[in-house]
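Encoded as structure tokens, the structure appears first; notes follow it.
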Amino acid sequence: MSAAFDPSSYATQLDAKVARLRELLAPFGAPEPAVFDSPREHYRLRAEFRLWREDGQRHYAMFAPGEKHKAILIDDFPIASERINALMPRLKAAWQASEELGNRLFQVEFLTTLAGDAMITMCYHRPLDEAWEVEARQLAEALGVSVIGRSKGKRLVIGRDYAVEKLDVAGRVFSYRQPEGAFTQPNGAVNQKMLSWAFEAMGDREDDLLELYCGNGNFTLPLATRVRQVLATEISKTSVNAALSNLDENAVDNVRLVRLSAEELTQALNEVRPFRRLEGIDLKSYQFGTVFVDPPRAGMDPDTCELTRRFERILYISCNPETLAANIAQLQDTHRIERCALFDQFPYTHHMESGVLLVRR
């Protein structure tokens, strides 16, 4: 279910989301949510397009859900960043003018940042060779972007394989590497508001933070400045490497990062079994006051939910309010909602990002 892109109806659509969140959190005595709106257009920093052949040319195409064989041809994409919209016609002209760039090209992906960086991934149904690389290098230079070529089992990088983002949280600017193919928050303006809300909700602490699902360190960097130490977990190798680079780049030195699932971490904390990946980390030396979770759409599984119960404070960012409500229902006998927020990451859709701070009763 998606609403049409219509900036004039934005306020009405946002009101409906706020009402939905209120309704889901009402059984738990939640306070009124803080609401963080989105730019009305050009808010999406990444976009992926299939290419569709018509009249002997390849065009950017999108598809309605369940309509794989009925392409909607597009020349621009008003929800995408201004940079993506500026790059789209120039990239199209380049692949139309060059056999090397256009031959068997089937998909392109754009990643841009508020800091002005841009990366384009071009996916092919054929092997890429030096001739492609020569033309891709000229393209990258002409457009002022990094270009990545992908074909089965191979990746050629012209420039860098990540984009650089810079986000301001409470007056400090944090720099982030966003690797090609790894998850990043698509709405940069709202992400910045979300980081500021989490920073504020955390407050200045003299104890430690446990973070589950830390990704590239999006929240880790600002939250680490609020606590004594952070133990952060993540299972994606790409994200772990990006997070380590980001910690280093920002000179944040009070974070230990481990590649453990939430389930494995529970076993480690309960001393069920030792983990080699925790070598050199003394879990008993941490004084965890807060756990921060930003789980996938399915929410926390019941065991992870039970793990969070042992903490005084649970700071929870959710991309699915239904599973958030289900998790709060499991925790409500021990924790209450102290503050909550709605972040409109995905305007003109029914999706919403929300945040709650749960505090032990």
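Here the Cβ of each residue, glycine as well, is placed from N, Cα and C on the backbone.
Not measured: the values here are computed from a predicted model.
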Response to the item:
Of Glu234, Glu271, Glu279, Glu312, the one that Swiss-Prot places in the same S-adenosyl-L-methionine site as Gln185, Tyr213, Asn218, Asp294 is Glu234
Item to complete: May I have the list of same-chain residues other than Gln185, Tyr213, Asn218, Glu234, Asp294 whose Cβ is within 8 Å of the Cβ centroid of the recorded S-adenosyl-L-methionine site, in sequence order?
Response: Phe183, Cys214, Gly215, Asn216, Gly217, Phe219, Ser239, Ile317
Fill in: Euclidean distance between Cα atoms of Cys319 (active site, nucleophile) and Tyr213 (S-adenosyl-L-methionine binding site), Å
13
Item to complete: Between the Cα atoms of Asn218 (S-adenosyl-L-methionine binding site) and Cys319 (active site, nucleophile), find the distance and write it as a whole number of Å.
Response: 15
Worksheet item: How long is the line from the C-alpha of Cys319 (active site, nucleophile) to the C-alpha of Glu353 (active site, proton acceptor), rounded to the nearest angstrom?
Response: 4
